[in-house]
Structure formats: structure tokens, C-alpha cells
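In what follows, a structure is listed as C-alpha cells, so that the remarks can point back to it.
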Amino acid sequence: MPSYTVTVATGSQWFAGTDDYIYLSLVGSAGCSEKHLLDKPFYNDFERGAVDSYDVTVDEELGEIQLVRIEKRKYWLHDDWYLKYLTLKTPYGDYIEFPCYRWITGEGEIVLRDGRARLARDDQIHILKQHRRKELETRQKQYRWMEWNPGFPLSIDAKCHKDLPRDIQFDSEKGVDFVLNYSKAMENLFINRFMHMFQSSWSDFADFEKIFVKISNTISERVMQRWQEDDMFGYQFLNGCNPVLIRRCTQLPEKLPVTTEMVECSLERELSLEQEVQQGNIFIVDFELLDGIDANKTDPCTLQFLAAPICLLYKNLANKIVPIAIQLKQIPGEENPIFLPSDAKYDWLLAKIWVRSSDFHVHQTITHLLRTHLVSEVFGIALYRQLPAVHPIFKLLVAHVRFTIAINTKAREQLICEYGLFDKANATGGGGHVQMVQRAMQDLTYTSLCFPEAIKARGMDSKEDIPYYFYRDDGLLVWEAIKTFTAEVVGIYYESDQVVQEDQELQDFVKDVYVYGMRGRKASGFPKSLKSREKLSEYLTVVIFTASAQHAAVNFGQYDWCSWIPNAPPTMRAPPPTAKGVVTIEQIVDTLPDRGRSCWHLGAVWALSQFQENELFLGMYPEEHFIEKPVKEAMARFRKNLEVIVSMIAERNKNKKLPYYYLSPDRIPNSVAI
């Protein structure tokens with residue numbers, strides 16, 4: 001009688017093991033086996049991290065094994081089981097791998113195919129076609145779209161983390177409890193004594209040091225020392241937390257009536273302002289998005305304010321970008337002066353603080369939340385709904401949506417919901433952040449997620465003209481490495497453009513993203529279908545880059561750049577000044593966040609800047625969804641390319657007082673998970 005050896009690997013995460021009864025049956029081209037209980041006498045089967053082997057004898061020849069069915073039945077108390085993979089040694093000595101990497105819950109069962117990636121057209125056998133269809137039907141019932149707020153990209157239909165399908169939940173929900181993590185962060189930073197001191201102002205700038213943890217030779221310390229300097233202010237638009245807003249100014253906007261006379265003491269080339277614009281030396285950051293957004297009114301004891309500034313910047317002879325004019329509201333007028341570096345010290349400083357605060361709001365809600373978290377969730381939901389586990393694109397992308405839906409669900413539950421943590425310290429809390437996302441959806445385009453095109457669209461692509469834009473330089477290297485890798489994988493499974501066009505599952509995935517994620521907005525430029533291998537490779541690069549590199553660039557520097565409160569105030573407690581010559585240091589301190597809000601802000605940026613426990617970085621694929629040699633070789637080349645980039649960035653950063661490392665691949669997590 002034919003005998004098979006079955007090797008079963010249980011996950012190593014907490015509570016991955018089970019005491020339940022596990023049954024296995026084999027489905028072959030010539031017949032089906034009976035159900036076999038996988039059990040060894042006097043042995044604790046399926047413990048966390050265990051790899052167990054069993055001999056399974058069948059009554060008759062099964063032919064080529066097509067499917068493996070695993071069933072879990074209750075022993076004592078229900079416990080979930082995480083099955084990593086299963087290997088089958090046939091009577092003929094062949095080994096067949098069956099990747100799983102899923103939870104089996106309750107009295108559940110799972111039907112696995114072998115690990116070879118297959119497009120729908122490769123499946124000619126009825127039972128395999130049926131398995132493929134059933135898997136998607138089940139997933140589409142589990143992964144449903146939902147509108148969290150009008151105008152937002154659609155998200156997962158789940159009120160809280162525990163409502164999510166088990167496969168996409170965090171291993172331990174406690175690890176991503178925002179309330180717990182923020183409180184713990186404040187405790188670790190020794191600032192919890194201030195956390196309830198709302199309405200209590202700091203006495204001066206030095207007083208902020210009471211909650212500032214000095215870690216010597218770090219970026220945060222340099223920010224504290226130099227935050228008032230113009231070149232530090234300008235540098236942050238290139239390499240700070242939000243390096244995506246600055247653009248080359250090709251024409252001075254009418255709403256900013258700045259003249260050469262106003263700024264001539266800042267211009268170093270003996271040219272007029274218009275000539276400097278023509279030569280490409282003027283840059284602009286416009287916070288028009290914030291105009292008319294409602295400020296936070298959740299605390300009746302504290303009035304909070306927003307501004308919508310326009311900031312003009314200049315590339316000086318040292319190739320540094322420095323501010324030369326700031327207008328704090330969009331419409332020019334007598335009560336909306338243009339602040340200049342030649343103004344009184346505190347006038348100019350307060351104007352810059354308003355810009356930094358506005359930058360913080362756009363960064364948190366648009367650059368970070370909308371353009372990485374919510375967009376990646378859209379890709380994740382569409383992936384689970386439209387691509388079966390055997391599809392090569394599912395195998396490629398699943399690592400890049402790991403825990404994304406879970407972290408966003410947790411955020412909607414605790415952070416950005418009504419009366420959530422976001423309301424505690426942020427001037428855009430209490431609904432302003434929702435209005436911002438609704439507005440910013442109009443500018444969320446496919447090309448704006450294509451890194452090289454986004455850089456070009458802002459006129460920031462010339463390394464010669466703008467030499468110290470490390471976000472651009474490193475981002476282009478990582479983008480190209482990802483694109484080379486995706487092109488190789490696409491080349492393995494799609495021999496022509498026609499195969500791409502005829503892959504209905506792939507086309508349904510792309511359509512789901514467009515129709516539900518982007519709400520069917522033609523202006524978004526998101527493709528409804530893909531017509532070529534090149535376009536597929538680009539699309540996959542967008543998905544991976546957004547989830548990994550773009551998120552890393554705008555997330556993990558938050559403590560570095562935002563922990564010194566005057567450099568990134570999450571709220572302002574007085575309106576923008578309407579005249580020059582009246583600002584005092586006392587007025588600035590009273591405008592900045594109070595002690596309580598400062599502490600909650602600090603706890604947030606600390607918690608958000610930490611890597612996950614057991615973080616998986618770009619190029620790491622410990623879950624072996626692919627078993628084919630050509631793909632594994634492509635992955636190895638991808639890792640090699642990333643290692644070269646790590647070395648190049650490390651070399652450039654040597655002896656730099658302000659190193660830029662957020663896009664070093666060894667610091668880029670695979671997915672949006674914090």
C-alpha cells in the first residue's frame with residue numbers, strides 16, 4: 001500500500017500551536033484518500049515552532065497529488081492553529097511543498113495547493129479551477145469594502161480589530177494598542193507627570209527641555225539646537241518628515257504679492273526676484289489645503305487655531321534652501337502681512353513656527369495617513385478579494401500588505417475616530433483631519449505615487465541644481481531596485497503583453513483598486529486595467545514602494561523631527577498674527593501647545609517611530625510562498641541590489657551631522673504596520 005511522509009510546520013508566533021485533532025486527506029488525479037488523524041503516541045503534536053513528521057498509508061494509488069485537505073476538530077477548548085507549510089514525500093521519493101501561512105480557527109478546514117505559482121490559464125483540471133473559484137468566493141465574503149467617511153478611499157468592513165479575518169490580525173493585539181503604547185511611551189520618556197496638565201503653558205523655550213529626552217549626537221538634539229536657523233528650516237522641506245511638498249516656483253502666484261524690494265537682502269546673485277524665478281532658484285510650499293479647515297473644538301477650555309501659509313524659499317550660493325517670505329493666510333490684505341527674514345526676530349520666528357505647524361498637519365493626515373496607510377489598505381483588500389493564494393502576484397505582494405489592514409482598523413478604532421487620541425493634541429482633530437482627507441483625495445493620482453514622476457512634477461529632479469535632496473536620491477535608487485525585481489518576476493510568469501491582458505484575476509484586482517479604493521474617479525489616473533508587462537511591473541512597483549519605502553520615509557523620522565515641540569507644534573493656541581512688530585517671546589510660548597498636549601504629542605511621535613518587534617525589512621521574504629528557483633534567484637538579486645544601496649547610503653552619511661537614513665533598505669519595513 002502506498003505510503004506518504006507528511007511534514008507539518010507550526011508557526012513560531014504566540015499561541016500558534018494547538019491541542020486540537022488535526023486530520024489530513026489527499027486528493028489525487030486517480031482518487032481521494034481517507035481522513036488520517038495526524039497523531040504520535042505520547043507526544044505533544046503541533047507545538048509552537050515545531051516541525052512534525054507523520055507517515056500516512058493509503059489504500060490505493062492516488063496518482064498526482066493535486067490538493068491537501070487539513071481539518072481541525074475540537075479536543076478540549078478551541079484554540080487556533082497557525083500552519084506555516086506542509087511537505088509531502090510521495091511513494092516515488094518526490095517532494096511536494098504546500099505553503100500555507102494561515103490560521104485555522106474553530107472547527108475549520110483548509111485546502112492547499114502545491115506551491116507552484118499558477119495563472120488561471122494554467123489550470124486546466126476542473127478540481128483546480130473549482131478550488132481557485134471557491135477560495136475567491138470565500139475571501140470576497142470575508143473581505144468586504146466599507147465607507148468609513150464620505151469621500152475617503154473605501155476600507156475594510158470591520159468595526160474593530162477582532163472583527164477582522166484571523167489571517168490579517170496582529171499576532172498580539174496588545175502590541176498595537178495605541179492608548180497603551182502612547183501611555184507607555186510617555187512613561188519611558190519620563191513625561192507622564194505632565195500628561196494631564198492641559199491649559200498649563202510652558203514658561204519659555206528652555207522649559208520644553210523638561211520633556212525632551214536628550215540623546216546625544218542624534219537628529220532630535222540637532223533640531224533642538226538649531227531649529228530657529230533659516231537653513232535648518234529649509235532643510236526640513238528636503239529631508240525632514242514631509243519632503244514631498246516643496247516644488248520649484250515657475251511663476252510667482254498672484255495671491256503672494258512679494259516684490260524684489262521686500263526680499264532683496266536675501267537674494268545673493270544681484271538679480272531681481274523674477275530673474276531668480278527664471279533661473280530656477282525660487283521654491284514654494286503652499287498649504288492651501290488647510291484653508292477653511294475647522295480647528296479642533298473638542299476641548300471647550302482651549303481655543304485652537306490653524307493657518308494656511310504660503311512659504312517662498314531661495315537656493316542661496318551655498319546651495320542651501322532658505323525661507324525668504326511667509327504669508328500666513330491665502331488671501332493677501334492689510335491684516336495678512338508678508339513676513340520676512342529682515343523683520344523683527346520674533347515676528348519672523350513665529351511665522352516660521354506657523355509654517356512648521358501647518359507642515360505637521362499635512363504630514364500626519366495626508367502624506368502619512370492617506371498616501372501610505374489608506375492607499376496600502378486599498379491594495380491589500382483588493383489583493384485578498386481578487387487574487388487566489390496560487391497567483392504569482394498574490395505571492396509577490398502578500399508580504400507588502402502584512403498587518404496593514406489591521407493597523408488601520410486599530411487606528412479607526414482608537415486614533416482617528418471621534419473622541420480618539422488624535423483629538424487630544426492636534427488642531428486638526430475633532431473632524432478637521434477628515435475634511436483634509438476629503439479634499440486631498442482630489443489630488444491623489446496614480447502618477448503622484450510613481451516616485452520618479454512625482455519628483456519631476458515638482459521640478460525637483462535635477463541633482464545638479466538641488467544637490468542635497470537625499471530623499472529624492474535614495475528614493476530613486478530604491479524605486480529602481482524594486483522595479484527591476486518586479487520586472488523579473490513579471491517576466492517569469494507573463495511571456496507576453498497578451499498574457500497580462502487575458503489574466504482576468506489580475507484585471508479584477510486592478511479594477512477593484514480603481515472602483516472602490518479610488519471611488520471610480522477618472523481624474524485619479526489609476527488604471528482600470530493593465531495592457532502590458534511594463535505597466536504591470538510599474539503598478540507592482542507602486543504597490544511595494546508605497547507600502548515600504550514611502551511609508552518609511554515619512555514615518556520613522558517623526559521622533560527625530562517632531563520631538564522638539566516648537567519645531568513641529570501639533571496645535572496653536574492663538575490665531576496667526578495680523579500685524580508686524582507686536583510679537584513677543586511670551587506670546588509665542590502662549591501660542592505653542594500646553595504641557596498636556598505637548599506630552600501626548602511626544603508620546604505619539606515616539607511610539608510611531610519605533611519598529612515592530614520582529615520587523616521584516618525590504619527584501620526579506622521568510623514566508624516562502626514562492627517555491628520556484630527562478631523567482632528565488634530574482635529575490636536573491638533584489639537583496640544584493642538593496643545591500644549595495646545600504647552601503648552607498650552609509651558611505652554618504654559618514655561624518656554627517658545630519659545623516660539621512662530613512663530610505664536605507666535595512667531600515668525600510670516591508671509593509672505599513674505601525
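Cβ coordinates come from backbone N, Cα and C, glycine included.
If you look up TrEMBL, you'll see Gly17, Asp79, Asp80 marked as Ca(2+) 1 binding site. Annotation source TrEMBL lists Ca(2+) 2 binding site at Asp39. Taken from TrEMBL, the feature Fe cation binding site applies to His368, His373, His551, Ile674. Summarising the annotation, TrEMBL assigns domain 'PLAT' to 2-118. Under the heading domain 'Lipoxygenase', TrEMBL lists 118-674. Feature annotation from TrEMBL assigns site 'Essential for stabilizing binding to COTL1' to Trp103.
Note on proximity: of the recorded positions Asp39, Asp79, Asp80, Trp103, the one nearest His373 (Fe cation binding site) is Trp103, by Cα distance. Neighbour counts were taken at the CB atom with a 10 A radius for the binding-site residues His373, His551; the maximum falls on His551.
For Ile674 (Fe cation binding site), the count of additional Cβ atoms within 10 Å of its Cβ stands at 20 [all protein chains shown]. Across the structure, His551 (Fe cation binding site) and Trp103 (site 'Essential for stabilizing binding to COTL1') place their CA atoms 27 angstrom apart.
The Cα of Asp80 (Ca(2+) 1 binding site) lies closest to that of Trp103, out of the recorded positions Asp39, Trp103, His368, Ile674. Within 8 Å of the centroid of the Cβ atoms of His368, His373, His551, Ile674, where the record puts Fe cation, the same chain has further Cβ atoms from Leu369, Thr372, Ser376, Ile407, Val554, Asn555, Leu608, Val672. Counting other Cβ atoms within 10 Å of each Cβ, the lowest count among the binding-site residues Asp39, Asp79, Asp80 belongs to Asp39.
In the predicted structure, the domain 'PLAT' (2-118) carries a mean pLDDT of 94.
Candidate recorded positions: Asp39, Asp79, Trp103. Nearest to Ile674 (Fe cation binding site) by Cα distance: Trp103. Neighbour density for Trp103 (site 'Essential for stabilizing binding to COTL1'): within 10 A of its CB lie 21 other CB atoms from the protein chains shown. With respect to their backbone Cα atoms, His368 (Fe cation binding site) and Trp103 (site 'Essential for stabilizing binding to COTL1') stand 30 Å from each other. Gly17 (Ca(2+) 1 binding site) is 14 Å away from the residue listed as 'Ca(2+) 2 binding site' when you measure Cα to Cα.
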